[in-house]
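A short worksheet on the structure shown next.
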Amino acid sequence: MKTYISAWPASVECPPFPRRLAILGATGSIGDSALKVVAKHPERFTVTALAGGRNGQKLARLCNRFKPRYAAVLDDAARREYFAYVEDGCPTELFVGPDAYVRLAALDDMDLVLSSIVGAAGFEPTLAAAEAGKMIGLANKESLVLGGHLIRAACKASGAVILPVDSEHNALFQGLAGHGSDDELKRLILTASGGPFRGRDRAFLETVTREQALAHPNWSMGAKISIDSATLMNKGLELIEACHLYGLPPDMVDVVVHPQSIVHSLVEYVDGSQLAHLGNPDMQVPIAHCLCYPERVTVDVPRLNLATVGTLTFEEPDLDAFPCLRLAREAFDAGPSHPIALNAVNEIAVDAFLKERIGFTDIPAMIETGLDRHVPVDVSTPEAVLALDDEVRRETRARL
Ligand code: NAD
Ligand code: MG
(Lines of atoms letter the chains of each structure in order from A and count residues from 1; the text may use other names and numbers.)
(Lines give C-alpha, C1' and ligand atoms only; values in the text may rest on other atoms or scores of the structure.)
(Ligands and ions follow the chains in the order given, each with its own letter.)
Protein backbone atom coordinates (compact mmCIF):
# COMPACT_ATOMS: atom_id res chain seq x y z
CA MET A 1 0.00 0.00 0.00
CA LYS A 2 1.36 3.39 -0.98
CA THR A 3 0.90 5.99 1.69
CA TYR A 4 2.84 8.77 0.00
CA ILE A 5 0.83 11.33 -1.90
CA SER A 6 3.58 12.51 -4.20
CA ALA A 7 2.96 9.84 -6.77
CA TRP A 8 0.52 10.33 -9.57
CA PRO A 9 -2.35 7.91 -8.89
CA ALA A 10 -2.77 5.51 -11.80
CA SER A 11 -6.43 6.42 -12.11
CA VAL A 12 -5.87 10.14 -12.67
CA GLU A 13 -4.90 11.54 -16.04
CA CYS A 14 -2.24 14.24 -16.16
CA PRO A 15 -3.59 17.37 -17.83
CA PRO A 16 -2.71 17.49 -21.52
CA PHE A 17 -0.19 19.91 -23.00
CA PRO A 18 -0.35 22.83 -23.27
CA ARG A 19 -1.04 22.97 -19.54
CA ARG A 20 -2.88 25.99 -18.21
CA LEU A 21 -0.53 27.21 -15.53
CA ALA A 22 -0.94 29.52 -12.52
CA ILE A 23 2.24 30.65 -10.75
CA LEU A 24 1.56 31.95 -7.24
CA GLY A 25 4.80 33.68 -6.26
CA ALA A 26 5.73 34.52 -9.86
CA THR A 27 7.95 37.47 -8.88
CA GLY A 28 10.23 35.44 -6.58
CA SER A 29 13.24 33.23 -7.08
CA ILE A 30 11.19 30.07 -7.80
CA GLY A 31 8.94 32.15 -10.09
CA ASP A 32 12.04 33.29 -12.04
CA SER A 33 13.23 29.72 -12.51
CA ALA A 34 9.76 28.49 -13.48
CA LEU A 35 9.34 31.20 -16.10
CA LYS A 36 12.72 30.23 -17.60
CA VAL A 37 11.34 26.70 -18.03
CA VAL A 38 8.12 28.11 -19.53
CA ALA A 39 10.07 30.38 -21.92
CA LYS A 40 12.16 27.42 -23.08
CA HIS A 41 9.07 25.26 -23.71
CA PRO A 42 6.29 27.68 -24.71
CA GLU A 43 4.39 24.94 -26.55
CA ARG A 44 3.81 23.12 -23.26
CA PHE A 45 2.16 25.93 -21.30
CA THR A 46 -0.53 28.55 -21.43
CA VAL A 47 0.32 31.01 -18.68
CA THR A 48 -3.13 31.58 -17.20
CA ALA A 49 -2.33 33.41 -13.95
CA LEU A 50 0.67 35.13 -12.38
CA ALA A 51 0.61 36.35 -8.79
CA GLY A 52 3.24 38.48 -7.10
CA GLY A 53 3.21 39.98 -3.62
CA ARG A 54 4.13 43.64 -3.36
CA ASN A 55 6.31 43.90 -6.45
CA GLY A 56 3.82 45.47 -8.88
CA GLN A 57 6.52 46.61 -11.27
CA LYS A 58 8.01 43.16 -11.79
CA LEU A 59 4.58 41.57 -12.09
CA ALA A 60 3.56 44.13 -14.74
CA ARG A 61 6.71 43.33 -16.74
CA LEU A 62 5.90 39.60 -16.53
CA CYS A 63 2.32 40.26 -17.64
CA ASN A 64 3.55 42.36 -20.58
CA ARG A 65 5.68 39.41 -21.63
CA PHE A 66 3.55 36.33 -20.83
CA LYS A 67 0.08 37.90 -21.16
CA PRO A 68 -1.74 35.80 -18.55
CA ARG A 69 -5.48 36.04 -18.30
CA TYR A 70 -5.32 36.88 -14.57
CA ALA A 71 -2.84 38.40 -12.14
CA ALA A 72 -2.82 39.28 -8.44
CA VAL A 73 -0.98 41.61 -6.08
CA LEU A 74 -1.23 41.95 -2.33
CA ASP A 75 -2.18 45.60 -1.79
CA ASP A 76 -3.09 48.93 -3.33
CA ALA A 77 0.47 50.23 -3.45
CA ALA A 78 1.43 47.21 -5.59
CA ARG A 79 -1.68 47.73 -7.71
CA ARG A 80 -0.70 51.34 -8.46
CA GLU A 81 2.84 50.24 -9.32
CA TYR A 82 1.45 47.50 -11.57
CA PHE A 83 -0.66 49.98 -13.54
CA ALA A 84 2.30 52.34 -13.92
CA TYR A 85 4.20 49.63 -15.77
CA VAL A 86 1.65 47.44 -17.52
CA GLU A 87 1.36 48.15 -21.25
CA ASP A 88 -1.81 49.34 -22.94
CA GLY A 89 -3.55 46.39 -24.52
CA CYS A 90 -2.22 43.81 -22.03
CA PRO A 91 -5.18 41.43 -21.66
CA THR A 92 -4.59 40.64 -17.98
CA GLU A 93 -7.29 41.13 -15.35
CA LEU A 94 -5.77 42.17 -12.01
CA PHE A 95 -7.06 41.11 -8.59
CA VAL A 96 -5.93 42.75 -5.35
CA GLY A 97 -5.65 41.41 -1.80
CA PRO A 98 -4.94 38.13 0.00
CA ASP A 99 -8.22 36.56 -1.18
CA ALA A 100 -7.07 36.86 -4.79
CA TYR A 101 -4.53 34.06 -4.32
CA VAL A 102 -7.17 31.62 -3.16
CA ARG A 103 -9.29 32.57 -6.14
CA LEU A 104 -6.45 32.12 -8.64
CA ALA A 105 -5.49 28.78 -7.07
CA ALA A 106 -8.89 27.30 -7.92
CA LEU A 107 -9.71 28.79 -11.36
CA ASP A 108 -11.82 26.57 -13.60
CA ASP A 109 -9.77 27.38 -16.69
CA MET A 110 -6.45 26.27 -15.13
CA ASP A 111 -5.01 22.79 -14.43
CA LEU A 112 -1.57 23.28 -12.90
CA VAL A 113 -0.59 25.47 -9.93
CA LEU A 114 2.97 26.27 -8.96
CA SER A 115 2.72 27.15 -5.27
CA SER A 116 5.77 29.36 -4.74
CA ILE A 117 4.67 32.06 -2.32
CA VAL A 118 7.05 32.30 0.63
CA GLY A 119 5.88 31.51 4.16
CA ALA A 120 2.56 30.74 5.82
CA ALA A 121 0.80 32.99 3.27
CA GLY A 122 1.05 30.02 0.90
CA PHE A 123 -1.15 27.79 3.05
CA GLU A 124 -4.63 28.96 2.03
CA PRO A 125 -3.96 29.08 -1.74
CA THR A 126 -2.30 25.66 -1.63
CA LEU A 127 -5.25 24.22 0.29
CA ALA A 128 -7.64 25.85 -2.21
CA ALA A 129 -5.76 24.24 -5.12
CA ALA A 130 -5.87 20.88 -3.32
CA GLU A 131 -9.61 21.21 -2.70
CA ALA A 132 -10.15 22.12 -6.36
CA GLY A 133 -8.38 18.94 -7.52
CA LYS A 134 -5.50 20.68 -9.30
CA MET A 135 -2.10 19.33 -10.17
CA ILE A 136 0.17 21.22 -7.76
CA GLY A 137 3.90 21.83 -8.02
CA LEU A 138 4.71 22.57 -4.38
CA ALA A 139 7.65 24.82 -3.51
CA ASN A 140 5.93 26.43 -0.50
CA LYS A 141 6.99 23.94 2.19
CA GLU A 142 5.48 26.11 4.93
CA SER A 143 1.97 25.17 3.80
CA LEU A 144 2.63 21.52 4.66
CA VAL A 145 4.28 22.52 7.95
CA LEU A 146 1.13 24.44 8.89
CA GLY A 147 -1.53 22.13 7.59
CA GLY A 148 -0.09 19.03 5.95
CA HIS A 149 -2.89 16.99 7.55
CA LEU A 150 -5.56 19.21 5.92
CA ILE A 151 -3.86 19.41 2.51
CA ARG A 152 -3.36 15.68 2.46
CA ALA A 153 -7.04 15.08 3.25
CA ALA A 154 -8.09 17.60 0.59
CA CYS A 155 -5.93 15.84 -2.03
CA LYS A 156 -7.48 12.52 -1.11
CA ALA A 157 -11.01 13.89 -1.40
CA SER A 158 -10.53 15.79 -4.67
CA GLY A 159 -7.92 13.72 -6.50
CA ALA A 160 -5.44 16.62 -6.44
CA VAL A 161 -1.82 15.60 -6.53
CA ILE A 162 1.21 17.33 -5.08
CA LEU A 163 4.46 17.08 -6.99
CA PRO A 164 7.37 18.23 -4.84
CA VAL A 165 9.42 21.10 -6.28
CA ASP A 166 11.71 21.33 -3.26
CA SER A 167 14.88 19.76 -4.65
CA GLU A 168 15.31 17.21 -1.84
CA HIS A 169 11.70 16.05 -1.99
CA ASN A 170 11.77 15.95 -5.75
CA ALA A 171 14.85 13.73 -5.48
CA LEU A 172 13.00 11.48 -3.00
CA PHE A 173 9.97 11.36 -5.29
CA GLN A 174 12.19 10.12 -8.09
CA GLY A 175 13.92 7.63 -5.76
CA LEU A 176 10.55 6.29 -4.60
CA ALA A 177 9.11 5.93 -8.11
CA GLY A 178 8.10 2.41 -8.97
CA HIS A 179 8.37 1.11 -5.40
CA GLY A 180 4.85 0.64 -4.15
CA SER A 181 5.24 -1.28 -0.93
CA ASP A 182 5.82 0.52 2.36
CA ASP A 183 7.66 -2.42 3.90
CA GLU A 184 10.37 -2.17 1.21
CA LEU A 185 11.28 1.31 2.42
CA LYS A 186 13.86 1.69 5.21
CA ARG A 187 14.30 5.48 5.45
CA LEU A 188 14.65 8.74 3.59
CA ILE A 189 17.89 10.70 3.80
CA LEU A 190 17.67 14.44 3.20
CA THR A 191 20.88 16.14 2.21
CA ALA A 192 21.68 19.60 3.60
CA SER A 193 24.38 21.92 2.30
CA GLY A 194 25.08 23.08 5.85
CA GLY A 195 24.65 26.70 4.72
CA PRO A 196 27.25 29.50 4.88
CA PHE A 197 28.23 28.78 8.51
CA ARG A 198 28.91 25.05 8.32
CA GLY A 199 31.66 24.08 10.76
CA ARG A 200 31.35 27.31 12.76
CA ASP A 201 30.79 27.30 16.51
CA ARG A 202 28.24 29.17 18.61
CA ALA A 203 30.67 31.96 19.49
CA PHE A 204 31.16 32.74 15.80
CA LEU A 205 27.43 32.51 15.11
CA GLU A 206 26.82 35.24 17.74
CA THR A 207 28.68 37.68 15.49
CA VAL A 208 27.32 36.98 12.02
CA THR A 209 25.70 39.69 9.94
CA ARG A 210 22.65 39.73 7.71
CA GLU A 211 24.86 39.86 4.58
CA GLN A 212 26.95 36.87 5.69
CA ALA A 213 23.81 34.88 6.45
CA LEU A 214 22.24 35.72 3.06
CA ALA A 215 25.29 34.49 1.14
CA HIS A 216 24.36 30.86 0.49
CA PRO A 217 27.29 28.90 -0.94
CA ASN A 218 25.38 26.84 -3.57
CA TRP A 219 21.85 28.12 -4.21
CA SER A 220 20.48 31.52 -5.21
CA MET A 221 17.18 31.90 -3.32
CA GLY A 222 14.80 34.35 -1.66
CA ALA A 223 15.88 36.04 1.59
CA LYS A 224 13.72 34.02 4.00
CA ILE A 225 14.80 30.57 2.78
CA SER A 226 18.43 31.75 2.65
CA ILE A 227 18.31 32.59 6.37
CA ASP A 228 16.47 29.32 7.05
CA SER A 229 19.32 27.53 5.28
CA ALA A 230 21.89 29.32 7.43
CA THR A 231 20.13 28.33 10.69
CA LEU A 232 19.30 24.79 9.37
CA MET A 233 15.62 25.56 9.98
CA ASN A 234 15.15 24.97 6.26
CA LYS A 235 16.13 21.34 6.83
CA GLY A 236 13.82 21.19 9.83
CA LEU A 237 10.90 22.45 7.74
CA GLU A 238 11.90 19.98 5.03
CA LEU A 239 11.91 17.11 7.49
CA ILE A 240 8.30 17.93 8.38
CA GLU A 241 7.50 18.40 4.68
CA ALA A 242 8.91 14.93 3.90
CA CYS A 243 6.87 13.29 6.70
CA HIS A 244 3.67 14.80 5.29
CA LEU A 245 4.45 14.08 1.65
CA TYR A 246 5.39 10.46 2.17
CA GLY A 247 3.25 9.63 5.20
CA LEU A 248 6.24 8.69 7.35
CA PRO A 249 7.17 9.13 11.02
CA PRO A 250 10.11 11.50 11.65
CA ASP A 251 12.37 8.65 12.79
CA MET A 252 12.31 7.37 9.19
CA VAL A 253 13.76 10.64 7.89
CA ASP A 254 17.45 11.36 8.49
CA VAL A 255 19.59 14.33 7.52
CA VAL A 256 23.17 14.28 6.28
CA VAL A 257 25.23 17.37 5.53
CA HIS A 258 26.65 17.38 2.00
CA PRO A 259 28.37 20.70 1.29
CA GLN A 260 28.56 20.33 -2.51
CA SER A 261 24.74 20.05 -2.97
CA ILE A 262 25.22 17.56 -5.84
CA VAL A 263 23.38 14.65 -4.18
CA HIS A 264 19.89 16.04 -3.62
CA SER A 265 18.66 13.27 -1.29
CA LEU A 266 18.52 9.49 -1.00
CA VAL A 267 15.98 6.72 -0.49
CA GLU A 268 17.15 3.66 1.42
CA TYR A 269 15.42 0.31 0.96
CA VAL A 270 15.38 -2.70 3.28
CA ASP A 271 17.93 -4.56 1.13
CA GLY A 272 20.50 -1.84 1.92
CA SER A 273 20.25 -0.10 -1.47
CA GLN A 274 20.35 3.67 -1.38
CA LEU A 275 19.03 5.46 -4.46
CA ALA A 276 20.46 8.96 -4.84
CA HIS A 277 19.50 11.79 -7.16
CA LEU A 278 22.43 13.81 -8.48
CA GLY A 279 22.69 17.00 -10.50
CA ASN A 280 24.06 20.52 -10.46
CA PRO A 281 22.08 22.67 -8.01
CA ASP A 282 19.55 24.62 -10.10
CA MET A 283 15.85 24.80 -9.26
CA GLN A 284 14.87 24.73 -12.94
CA VAL A 285 15.49 20.96 -12.86
CA PRO A 286 12.92 19.96 -10.19
CA ILE A 287 10.51 22.65 -11.44
CA ALA A 288 10.61 21.29 -15.01
CA HIS A 289 10.18 17.75 -13.66
CA CYS A 290 7.00 18.76 -11.83
CA LEU A 291 5.50 21.06 -14.47
CA CYS A 292 5.98 18.54 -17.30
CA TYR A 293 5.47 15.36 -15.24
CA PRO A 294 5.65 12.55 -16.25
CA GLU A 295 7.62 13.75 -19.27
CA ARG A 296 11.16 15.07 -19.10
CA VAL A 297 12.25 18.13 -21.05
CA THR A 298 15.57 19.85 -21.71
CA VAL A 299 16.65 22.45 -19.14
CA ASP A 300 19.37 25.07 -19.56
CA VAL A 301 21.68 24.08 -16.72
CA PRO A 302 25.32 23.05 -16.85
CA ARG A 303 25.67 19.26 -17.18
CA LEU A 304 27.06 17.51 -14.13
CA ASN A 305 30.54 16.11 -14.67
CA LEU A 306 31.51 14.04 -11.64
CA ALA A 307 35.14 13.87 -12.74
CA THR A 308 35.27 17.68 -12.61
CA VAL A 309 33.53 17.76 -9.22
CA GLY A 310 36.05 15.18 -8.01
CA THR A 311 35.01 14.79 -4.38
CA LEU A 312 31.64 14.52 -2.68
CA THR A 313 31.72 14.74 1.11
CA PHE A 314 29.19 13.99 3.84
CA GLU A 315 29.06 14.70 7.58
CA GLU A 316 26.65 14.70 10.50
CA PRO A 317 24.72 17.93 11.19
CA ASP A 318 25.93 19.90 14.23
CA LEU A 319 22.76 20.11 16.31
CA ASP A 320 24.45 22.05 19.13
CA ALA A 321 25.52 24.96 16.97
CA PHE A 322 22.36 24.71 14.82
CA PRO A 323 19.49 23.70 17.15
CA CYS A 324 16.71 24.54 14.65
CA LEU A 325 16.80 21.11 13.04
CA ARG A 326 16.36 19.46 16.45
CA LEU A 327 13.57 21.90 17.37
CA ALA A 328 11.66 21.11 14.17
CA ARG A 329 11.92 17.37 14.78
CA GLU A 330 10.69 17.81 18.35
CA ALA A 331 7.84 20.06 17.19
CA PHE A 332 6.64 17.50 14.67
CA ASP A 333 6.82 14.75 17.30
CA ALA A 334 4.85 16.88 19.77
CA GLY A 335 1.74 17.11 17.61
CA PRO A 336 0.00 19.03 14.88
CA SER A 337 -0.14 22.46 16.55
CA HIS A 338 3.55 22.64 17.53
CA PRO A 339 4.87 22.94 13.94
CA ILE A 340 2.48 25.87 13.37
CA ALA A 341 3.94 27.63 16.41
CA LEU A 342 7.49 26.76 15.31
CA ASN A 343 6.88 28.19 11.85
CA ALA A 344 5.20 31.37 13.07
CA VAL A 345 7.99 32.21 15.53
CA ASN A 346 10.57 31.42 12.87
CA GLU A 347 8.96 33.76 10.33
CA ILE A 348 8.82 36.64 12.81
CA ALA A 349 12.38 35.98 14.03
CA VAL A 350 13.82 35.73 10.50
CA ASP A 351 12.08 38.96 9.53
CA ALA A 352 13.48 40.68 12.65
CA PHE A 353 16.97 39.36 11.84
CA LEU A 354 16.69 40.63 8.25
CA LYS A 355 15.73 44.04 9.66
CA GLU A 356 18.77 43.80 11.98
CA ARG A 357 16.63 43.96 15.12
CA ILE A 358 17.92 40.68 16.56
CA GLY A 359 21.08 38.60 16.22
CA PHE A 360 21.47 35.31 14.36
CA THR A 361 21.50 33.11 17.48
CA ASP A 362 18.38 34.87 18.76
CA ILE A 363 16.44 33.04 16.02
CA PRO A 364 16.72 29.53 17.59
CA ALA A 365 16.45 31.02 21.08
CA MET A 366 13.13 32.67 20.23
CA ILE A 367 11.83 29.46 18.65
CA GLU A 368 12.81 27.41 21.71
CA THR A 369 11.01 29.88 24.00
CA GLY A 370 7.98 29.91 21.70
CA LEU A 371 7.75 26.12 21.72
CA ASP A 372 8.19 25.97 25.50
CA ARG A 373 5.28 28.37 25.92
CA HIS A 374 3.08 26.69 23.34
CA VAL A 375 0.00 24.94 24.71
CA PRO A 376 -1.28 22.38 22.17
CA VAL A 377 -4.61 23.26 20.57
CA ASP A 378 -6.96 21.58 18.15
CA VAL A 379 -5.97 22.47 14.57
CA SER A 380 -8.34 20.23 12.65
CA THR A 381 -9.79 23.08 10.57
CA PRO A 382 -8.10 25.69 8.35
CA GLU A 383 -9.60 28.44 10.52
CA ALA A 384 -7.97 26.96 13.63
CA VAL A 385 -4.61 26.70 11.84
CA LEU A 386 -4.77 30.34 10.76
CA ALA A 387 -5.96 31.53 14.17
CA LEU A 388 -3.02 29.82 15.89
CA ASP A 389 -0.57 31.17 13.31
CA ASP A 390 -1.92 34.66 13.92
CA GLU A 391 -1.86 34.37 17.71
CA VAL A 392 1.72 33.08 17.86
CA ARG A 393 2.86 35.87 15.51
CA ARG A 394 1.28 38.49 17.76
CA GLU A 395 2.80 36.99 20.92
CA THR A 396 6.21 36.73 19.29
CA ARG A 397 6.16 40.31 18.01
CA ALA A 398 5.28 41.44 21.52
CA ARG A 399 8.43 39.72 22.83
CA LEU A 400 10.78 41.42 20.33
P1 NAD B 1 11.07 34.78 -2.78
O2 NAD B 1 11.11 35.64 -1.59
O3 NAD B 1 12.12 34.95 -3.83
O4 NAD B 1 9.65 34.92 -3.52
C5 NAD B 1 8.46 34.85 -2.80
C6 NAD B 1 7.25 35.12 -3.67
O7 NAD B 1 6.10 35.14 -2.82
C8 NAD B 1 7.28 36.46 -4.38
O9 NAD B 1 6.63 36.34 -5.63
C10 NAD B 1 6.47 37.37 -3.45
O11 NAD B 1 5.89 38.45 -4.13
C12 NAD B 1 5.41 36.40 -2.97
N13 NAD B 1 4.86 36.75 -1.67
C14 NAD B 1 5.55 37.06 -0.54
N15 NAD B 1 4.71 37.27 0.48
C16 NAD B 1 3.45 37.09 -0.02
C17 NAD B 1 2.16 37.17 0.56
N18 NAD B 1 1.98 37.49 1.84
N19 NAD B 1 1.10 36.90 -0.24
C20 NAD B 1 1.28 36.58 -1.53
N21 NAD B 1 2.48 36.49 -2.13
C22 NAD B 1 3.55 36.75 -1.37
O23 NAD B 1 11.05 33.28 -2.26
P24 NAD B 1 11.54 31.95 -3.02
O25 NAD B 1 12.97 31.73 -2.73
O26 NAD B 1 11.08 31.96 -4.43
O27 NAD B 1 10.74 30.83 -2.19
C28 NAD B 1 9.37 30.61 -2.38
C29 NAD B 1 8.97 29.32 -1.66
O30 NAD B 1 9.65 28.23 -2.28
C31 NAD B 1 9.37 29.27 -0.19
O32 NAD B 1 8.39 28.57 0.53
C33 NAD B 1 10.67 28.49 -0.19
O34 NAD B 1 10.88 27.79 1.03
C35 NAD B 1 10.40 27.52 -1.33
N36 NAD B 1 11.63 27.01 -1.97
C37 NAD B 1 12.47 27.89 -2.58
C38 NAD B 1 13.64 27.43 -3.18
C39 NAD B 1 14.58 28.35 -3.90
O40 NAD B 1 15.56 27.89 -4.46
N41 NAD B 1 14.33 29.65 -3.94
C42 NAD B 1 13.93 26.05 -3.14
C43 NAD B 1 13.03 25.19 -2.52
C44 NAD B 1 11.88 25.68 -1.94
MG1 MG C 1 15.17 22.25 -0.37
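Cβ atoms here come from the backbone N, Cα and C positions, even for glycine.
Just so it is clear, the model here is predicted, and its values are computed rather than measured.
Residues Asp166, Glu168 are given by TrEMBL as Mn(2+) binders; from Glu93, Glu211, Glu238, that same site also lists Glu238.
Cross-referencing Gly199, Gly222, Gly236, Gly247 against the NADPH binding annotation in TrEMBL, which names Thr27, Gly28, Ser29, Ile30, Gly53, Arg54, Asn55, Asn140, Glu142, picks out Gly222. According to TrEMBL, Ser167, Glu168, Ser193, His216, Ser229, Asn234, Lys235, Glu238 bind 1-deoxy-D-xylulose 5-phosphate; the candidate from Lys141, Lys156, Lys186 that the record adds to this site is Lys141. In sequence order, Lys141, Pro164, Ser167, His169, Asn170, Leu190, Asn234, Lys235, Glu241, Ala242, Ser265 are the same-chain residues whose CB sits within 8 A of the CB centroid of Asp166, Glu168, Glu238, the residues recorded for Mn(2+) being left out. Within the set of binding-site residues Thr27, Ser29, Gly53, Glu142, the entry lying nearest in space to His216 (1-deoxy-D-xylulose 5-phosphate binding site) is Ser29 (CA atoms). Residues Lys141, taken from the binding-site residues Lys141, Glu168, Asn234, are distinguished by a CB atom under 6 angstroms from ligand 1. Glu168 are the binding-site residues among Thr27, Lys141, Glu142, Glu168 whose C-beta comes within less than 6 Å of an atom of ligand 2, given in sequence order. Remark: of the binding-site residues Lys141, His216, the most isolated position is His216 (fewest other Cβ atoms within 10 Å of its Cβ). Nothing from the binding-site residues Lys141, Asp166, Glu168, Asn234, Glu238 places its Cα within 10 Å of the Cα belonging to Ser29 (NADPH binding site). Highest local Cβ density among the binding-site residues Thr27, Ser29, Asn55, Asn234 belongs to Asn234, counted as other Cβ atoms within 10 Å over all protein chains shown.
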